[in-house]
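Inspection log for the structure reproduced underneath, given as structure tokens.
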There are 4 protein chains.
Amino acid sequence: MDEWHNMQAAYSDVDDRPHEECGVFGIYGHEQAVALTYYGLVALQHRGQEAAGITSTDGSHMFSHKGLGLLTDVFKSGELEQLKGHAAIGHVRYSTAGSNTIQNAQPIALSTHARNFAIAHNGNLVNARWLRIQLEQEGSLFQTTADTEVIAHLIAKAGVDDLTEAVRLAANRIEGGFAFLILSDDELIALRDPLGLRPMVLGKLGEAYIVASESCALETVGATLLRDIEPGELVRITREGFTSMRFAERRQRRMCTFEHVYFARPDSDVDGWNVHSVRKRLGKLLAERHPADGDIVIGVPDSSVSAAAGYAEASRLPLEMGLIKNKYIARTFIQPSQALRDTGVRLKLNAVRSIVEGKRVVLIDDSIVRGTTSRRIVRLLRGAGATQVHVRISSPPYVSPCHYGIDTAKEDELIAAQHSIEEIRNLIEADSLEFLTVDELMAGFNFAPGDPVPFCNACFTRRYPTELVDQGLNEEIEPIHIGG
Amino acid sequence: MDEWHNMQAAYSDVDDRPHEECGVFGIYGHEQAVALTYYGLVALQHRGQEAAGITSTDGSHMFSHKGLGLLTDVFKSGELEQLKGHAAIGHVRYSTAGSNTIQNAQPIALSTHARNFAIAHNGNLVNARWLRIQLEQEGSLFQTTADTEVIAHLIAKAGVDDLTEAVRLAANRIEGGFAFLILSDDELIALRDPLGLRPMVLGKLGEAYIVASESCALETVGATLLRDIEPGELVRITREGFTSMRFAERRQRRMCTFEHVYFARPDSDVDGWNVHSVRKRLGKLLAERHPADGDIVIGVPDSSVSAAAGYAEASRLPLEMGLIKNKYIARTFIQPSQALRDTGVRLKLNAVRSIVEGKRVVLIDDSIVRGTTSRRIVRLLRGAGATQVHVRISSPPYVSPCHYGIDTAKEDELIAAQHSIEEIRNLIEADSLEFLTVDELMAGFNFAPGDPVPFCNACFTRRYPTELVDQGLNEEIEPIHIGG
Amino acid sequence: MDEWHNMQAAYSDVDDRPHEECGVFGIYGHEQAVALTYYGLVALQHRGQEAAGITSTDGSHMFSHKGLGLLTDVFKSGELEQLKGHAAIGHVRYSTAGSNTIQNAQPIALSTHARNFAIAHNGNLVNARWLRIQLEQEGSLFQTTADTEVIAHLIAKAGVDDLTEAVRLAANRIEGGFAFLILSDDELIALRDPLGLRPMVLGKLGEAYIVASESCALETVGATLLRDIEPGELVRITREGFTSMRFAERRQRRMCTFEHVYFARPDSDVDGWNVHSVRKRLGKLLAERHPADGDIVIGVPDSSVSAAAGYAEASRLPLEMGLIKNKYIARTFIQPSQALRDTGVRLKLNAVRSIVEGKRVVLIDDSIVRGTTSRRIVRLLRGAGATQVHVRISSPPYVSPCHYGIDTAKEDELIAAQHSIEEIRNLIEADSLEFLTVDELMAGFNFAPGDPVPFCNACFTRRYPTELVDQGLNEEIEPIHIGG
Amino acid sequence: MDEWHNMQAAYSDVDDRPHEECGVFGIYGHEQAVALTYYGLVALQHRGQEAAGITSTDGSHMFSHKGLGLLTDVFKSGELEQLKGHAAIGHVRYSTAGSNTIQNAQPIALSTHARNFAIAHNGNLVNARWLRIQLEQEGSLFQTTADTEVIAHLIAKAGVDDLTEAVRLAANRIEGGFAFLILSDDELIALRDPLGLRPMVLGKLGEAYIVASESCALETVGATLLRDIEPGELVRITREGFTSMRFAERRQRRMCTFEHVYFARPDSDVDGWNVHSVRKRLGKLLAERHPADGDIVIGVPDSSVSAAAGYAEASRLPLEMGLIKNKYIARTFIQPSQALRDTGVRLKLNAVRSIVEGKRVVLIDDSIVRGTTSRRIVRLLRGAGATQVHVRISSPPYVSPCHYGIDTAKEDELIAAQHSIEEIRNLIEADSLEFLTVDELMAGFNFAPGDPVPFCNACFTRRYPTELVDQGLNEEIEPIHIGG
């Protein structure tokens, strides 16, 4: 098969993991608002490494800086000092290669007849294209390809001067997974979609309120976690303090399971569950339901280390660092040519011969998307002397693309959408392969089979909790290709 | 006077010359369209050094790159190669410090329901603020502070699908000095304001058509100058060829005299007059009408060299390089501290003692705006031993700000708006001072006193050829301060 | 105490870990020599992040590029392509702040009357200052402050034309820990000090020979580990092949224990021992000899993860990720001001409340140098709710500075040089504290108490295996401060 | 001829002018020493644009920063502030492409057993290679390919501790054109070669002494020109003040004529003559001795503008700006491909049609080296409509390479070394061509034919004032190619 021919390369640069989407951080009422936003974003950097930005306000002026790359690329000497004020919002962004432009970096700063405001958004709308067509037909001009600009236009066109009311009206027209922050001269507004697909937490540092994608950002800046923002909740923070309202009627909660399985930082608490603990529990469940005749347990670094520790503990097998990840391979890294790949250059991951040699390895990973990475790792282990490789995955087969903000592959690229488990095992060249079932996954959160669950498992079940409005629409106009 | 106290500094970094505004270049129908646009912009770099950009199209995709700084800063290795296609538009930009942001760099790329397009603009509208208020009230969102975005919104809201028709409708709503280019997938549109305030020429290179702010850009790329774009003319170039239409009724031509006096490159032909020749003629007129008892003639480099040559020729006085300009002082130059200025550090201009010493100098300059530069130069010459300094200006006293695209000072900063010629002479410490009158200036173009002239001389006469619509409006909302 | 007052800061930027010194990589006889050197250095990046460089030869010309920062900073687009040839040596460098200059980056390229050559060095000489004084008195000119230049001068002054012989003579005049590579047009020479203080391995890739500081670099480029370079061995690789000689008489081997405890990458085999396995064994020993009444085991990431796994396995306590390290904090990271540190900003490490809360934590670390980091971590854990923190260190108290290439603190900064274990426990605020003894450490390598051991344990025992020649000398001349 | 085939390109990137060599600036005794050195170097930037650097001292520490590019590239924000002290030396450098490396940038900072010192050098030695061979055989190690390092080694090996004495001894061993500065903790030493081939002036600013390559640097920093440094003079400035000595016996002065003809800035006084005035006088002589039937006079910008003004004045022909130079084409400029050159892209120079058309042009240039530039300009003028082009050169035919610091072409590339004046006229396609004779050139300095002249005219006469020691030596060892 041609698809597989490409996989023959012993080394693949295309990491076939689901990509982290975006992270947002906002703070109101602290004289160090900008610096804290910077450090909060540093804690969220795992959610996006392609662009970053911060917008602040001192109550009468707004300030903004953004750029491509890591926070350390975007904020060097001096830029941070130029952003002043007691309130700020910030954003880190992942994007597909084609659209990683400075134009699409966030926060987006805008002005309407009523005011200036800035917006920073995490998530994906399922009716963005449909709304954009409506807006363009009414004469709206688009300068980016981001969903965020659709939300901004809806706010500008809401026809009311009160910003909170305009945001509420706009939020009722969009559908999908979203969690966004809006900053104006005198208020910070935060919002989470009615299903709770994308996470957002509320914290406090002295008198200041903070909202962020994950609780690890609160810990990092020394703030206390108050609670998760509720699905359908709109929070508004001003000089007068904190107010909360519902912008949408109560619906069944559908939090993203994949935040726990792969995305979120292990030290975050997402919707009440600690991520590391969930992963370790999934590893234990995996050991109980899908034992393997192995000598050692190895987790794929870094995301599967928790699950591997759980598996090892439950199976009483030793946990070993049989795979070492090179942490110095950044975006600017020069990739090896094909000729060198053929000589076996292996940069990201290395298998440790003296650990692996002669051993039956139980390899723990969190998911299989395209299958190419799994195959490469199995081969690495065998090359280092593993006699058997038993692959155990701490989630169910990933069969359907996410439409709510997680950019994985298209359906025809998802190996589990095309192949049975046995076929996958064969393709990734493992001695055995087991996944968790959706029920087992839910058991990791202490739900019994049949329980109603507050999670979106669409990527495992193909049952999407919303209509997919844009699905039927023609491809949008090709965006202008903009370099940095 | 306090204002003058500041002028005591022997060295002033604030160049009080009128600042060049912008330059545009567009080409349709050449396989090297992007490279030629780059080289054409290099020839127009004197019109703006703060930002630059190019947008191109290959007929189905559009490509864009822009950034802050000189063309050599913005286009280093690789960026140019990524812009593909047979048609392109480009822009070099001057801007006041506060708004020199990447956001405001041009061309601006946009998308509407009908299409993608990009716009590059030179000039200033007198009703931009008024229009912006209307547009914002209708729900238009602004992401920049540039007039250009106002034009773009008018096009998007024109309510017709045909781009040329939409541009025509938009052009009829704006007032002021403007010359802009629009590029879509299948056409290049160029436009010049009905009064012809801002210049634009049409050229040909093989089968390709070119439009540019000045003819020197045509020469540079090896193209032939066909003619100036007419005031009120809209030119459209497509695969089918070249078409021209009037978008506004015929009005009295009002071309900007200051392009000839100071802005344009001496090798350009602007509206039929060669710039160097006009300047030299003005220098001769100055010698005839305002002779001086001098030993040598010195022109302020670079812009007054032509006028000085004319003066020397007509007066039979020797032309000398008594002032040397340092050409290596760029935007990134580290300016001296006040302590050093007091020691007499003089970086931009140096007076040559062995030329000047013991001489009565006739100093030729093109204009006096704030007066600080003139005073500095007179002092430099005296410091180098000049016994007398007779200042001769090759234009009339500059008494009123331009509203059509030339960014000089506000009226209360214009020395000639506040003071008589004798007072100015005293303030700049010259032995004598003479200006051309408006009639003499027009004589440089061969118009007799009383002739109807096709020029805007508003900066010398305070008679503006348009209503100044935005004058009465309150200050707009403070823009968001955006760093690069 | 004042010294301790400074430690009050909840956050300390001064990482008090011993700093990795340098890494070297050399290859002869491969058409992709330069690219392989780059990837080999990537695998050694943990040994030095401050500067990097590569020198290559095509047999008649030599090529060199180096710079400050990570490999990804130094080699961007194009530099690698300009280095040609079938042989190359490379270097990654750690340095103290004051001397991190481009001048001191390596390899250093030199020319003598006989030839051009380049040198890349890992280690520290104990008689460099003494030798430098001699050389300078004979008229040698120094352009850097590096030991490497001393070695180069000795080679140049050896008085023989044959490079290998000159290197051999030079190597006999230096004393200390060293492992260096020399490249000329037609040979690659590699050398390891007579005690084997600094590591170096030999590998093969096809017909090409490779020498490198650690075996992980061999794995990374797909090469096979042949063996360690012997203490006192000089290896020479030319077109004719590989030759080996002793440049110094056989002495007792004294390999650096700290490479195993902290420095080397866990997947490396150093002098026959796999680093991860040694660390895990030390963790087990620690559990056996120094058990703790804890609920969970937490290792300080990343270097103590192996030891923690061993401790957990042996103690049957669960291994948890209770501390999360932020991997996005690079050299260019903007550090928080004191005001922010006081609010509790914690960027590098975060303790996970939902794991730690209410638990008695056994904290595994590899060493305590100044004590500040340990105290910070104990406080972090308590702040996150740990009821007890029992610190277990997988090495003996670090009481004496290394003179052979590991840059830790001066003796008066070493907490264990100044305080008893109970005092340290008190200062770092732990509930209990235990170290391994030197005998226990040696047991990790399977040596019984009393066995002669082939290790240098001077940092734990103050018994240095060489004379410390430079100790008595006055401070050298202040080097010229050179910016990049 | 093949050589001429290459010249067919209407546009040539290879500027065939002699290249400026280097500029040096030193100051002792001013609290703003570093900033003044920066501004002084800005005034000398025309002498070298490839690298720049400054070394300073505060009496006990030395500080240095250098880099590739213009001063504005090398000194951005912050570097200047890190250089402290009351004394400094600086350097701007031209170099041939192959050796433009950071390694070769100056000042070079060195340490010997006696002290640290830094050296900055302008000129070229005729026995550098010979000396280097001696030094290398004695065991000296070279890290650069610059003459400067030879001088440094001679100082280090002089065998005396007193720096001035060591410099004096070193200076007596070198031969050629040189002017260099040495800075140590407590003194600034300046030196000019015994023939005075390279220029150097002495100035005063308050209590501080300044030495610089040209007097324009003194004017720029507000200092007063005291006098030229004498050929063979060594000047030493310390806290105690200024002392002067001869390091070499008195010889016949041989100042470089080409500094006046082309190199120096027109506002400089070099050895008592103002450069602009000399050039203007040469232009007048040219008009008197070599009149032309022309309508207008055009000088090649920028270096021939003075001579053209003299020619116009003496011939009573109008001086016109018929050639415009684009001042925005810097080192980083993207050069056009051959395909574009063929379309006639002309970036550096543009001929002004409305000035030139139908005119008989007298074109003034300062020299002809390879002839390619002249031919290109003649063609440009004809292309713009000139009916005749009469070329007049304000110096004699350039027939022999300079060995004293001016990097022109090799002898076989010099058109006047290979061809008669009539042949050259034909090759550059001029209607007529005349040069000054050497006697006429000397008349520009008021020397009558037969007068003994204090100038080196070797490039016009092939009579070198020194032995050319290195001429017979074999090519040196290929230097290591070092990237930035």
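Even glycines carry a Cβ here, placed using N, Cα and C.
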> According to TrEMBL, C:ASP365, C:ASP366 bind Mg(2+); which one of C:SER303, C:SER306, C:SER420, C:SER432 is listed for that same site?
Replying inline: C:SER303
> Around C:CYS256 ([4Fe-4S] cluster binding site), how many other CB atoms lie within 10 A of its CB?
Replying inline: 27
>> Can you give me the same-chain residues 6 or more apart in sequence from C:CYS22 (active site, nucleophile) with a CB-CB distance under 8 Å?
In response: C:ARG47, C:GLY48, C:HIS91, C:VAL92, C:ARG93, C:TYR94, C:GLN106, C:HIS121, C:ASN122, C:GLY123, C:SER213, C:GLY405
> Counting every protein chain present, what is the number of Cβ atoms, excluding its own, within 10 Å of the Cβ of C:SER303 (Mg(2+) binding site)?
Replying inline: 21
> Taking each of the binding-site residues C:CYS402, C:CYS456, C:CYS459 in turn and counting other Cβ atoms within 10 Å of its Cβ, which one has the fewest?
Replying inline: C:CYS402
> Per-residue pLDDT averaged over the domain 'Glutamine amidotransferase type-2' (C:22-240) comes to what?
Replying inline: 92
>> Using a Cβ cut-off under 8 Å and a sequence separation of 6 or more, which residues in the same chain sit near C:ASP365 (Mg(2+) binding site)?
In response: C:GLY299, C:VAL300, C:SER304, C:SER374, C:ILE377, C:VAL391, C:ARG392, C:ILE393, C:SER394
> Cβ within 8 Å of the [4Fe-4S] cluster site's Cβ centroid: which residues qualify beyond C:CYS256, C:CYS402, C:CYS456, C:CYS459?
Replying inline: C:GLY177, C:LEU197, C:THR257, C:PHE258, C:TYR404, C:ILE406, C:ASN457, C:ALA458
> When a 10 Å sphere is centred on the Cβ of C:ASP366 (Mg(2+) binding site), how many other Cβ atoms does it contain?
Replying inline: 25
>> Measuring Cα to Cα, how far is C:CYS456 ([4Fe-4S] cluster binding site) from C:SER303 (Mg(2+) binding site) in Å?
In response: 20
> Reported as an integer number of Å, what is the Cα distance between C:CYS402 ([4Fe-4S] cluster binding site) and C:SER303 (Mg(2+) binding site)?
Replying inline: 19
>> Rounded to a whole angstrom, what is the C-alpha distance between C:CYS256 ([4Fe-4S] cluster binding site) and C:ASP366 (Mg(2+) binding site)?
In response: 15
> Quick one: Cα separation, C:SER303 (Mg(2+) binding site) versus C:CYS459 ([4Fe-4S] cluster binding site), in Å?
Replying inline: 18
> What three-state class does DSSP give C:CYS459 ([4Fe-4S] cluster binding site)?
Replying inline: helix
